[in-house]
């Protein structure tokens, strides 16, 4: 049997290099355009307000950036809802233990930062244990990948139902809700949904942060609950995909033993019900 580990490492590195080249091709020119546009807007602002100089404008931009890093939306005012009411705090706690970490909000006090460290230290393993048990509960009603490989008939139907139902509940319908509540396009809602459930969490799109929108108090709390169950489902899908890829590589690079004696060959032909290729579990 040929070891496929080096090929997997090379494939992994190639995938990263491919992603880097594609992202650079798609995003670098747009970034340059937005940077030039921003510098032009600052120049126009200085021309319209001659009482300001460039240094004062740069200081004000720095204040805006610091406010954004602290979770304060510069578009709002002092009457905006707090980022640390119970609903938002519950949502933030969920992003900590699930390791999503959007980055748009973080503790600013030393006490809050220390508590966040210890909260994550115990919360992340607790979340993994919870998701593991939740995944086992889902898996108890579904076929495992090994049974799907060995008995493809009935198992393919069950796997298709599982994937279809989960896709509708966690990837197709939620973007419709987010599009309606947040005012996003469906594509933006779908992008947020996948980036969240995969725990990538860029933070460019976060629910319940628009100061011009009026949200119900439990909106972000319900979103946090949806995230937990969606994480369990998508993690199970990723696990199935990883196991399927490993089995594919093992089967693809498995060399049959050609040194069978003639008597052994005859014996195998007399017992056709025994599989000739062993699928490792």
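Quick reminder: no glycine exception, Cβ is built from N, Cα and C everywhere.
Annotation comment: TrEMBL describes 6-26 (among others) as transmembrane segment.
According to TrEMBL, the N-linked glycosylation site annotation covers 77.
The domain 'Potassium channel' feature in TrEMBL is assigned to 79-136 (among others).
Look at TrEMBL and you will find 86-105 (among others) tagged as transmembrane segment. Distant neighbours of the transmembrane segment (86-105): 68, 71, 116, 119-120, 123-124, 126-127, 196, 199-203, 206, 208-209, 217-221, 223-224, 227-228, 231; these residues of the same chain sit at least 6 beyond its ends, with a Cβ under 8 Å from one of its Cβ atoms.
Residues or ranges marked as transmembrane segment in TrEMBL: 111-131 (among others). Panel annotation: around the transmembrane segment (111-131), residues 93, 96-99, 228, 231-232, 235 of the same chain, lying at least six beyond its termini, place a Cβ under 8 Å from a Cβ of the stretch.
If you look up TrEMBL, you'll see 157-177 (among others) marked as transmembrane segment.
The domain 'Potassium channel' (168-246) scores a mean pLDDT of 89 in the predicted structure. The annotation domain 'Potassium channel' is assigned in TrEMBL to 168-246 (among others).
Annotation comment: TrEMBL describes 189-207 (among others) as transmembrane segment. Panel annotation: around the transmembrane segment (189-207), residues 95, 98-105, 170-171, 174-179, 181-182, 219-220, 223, 227, 230-231, 233-234 of the same chain, lying at least six beyond its termini, place a Cβ under 8 Å from a Cβ of the stretch.
Taken from TrEMBL, the feature transmembrane segment applies to 219-242 (among others).
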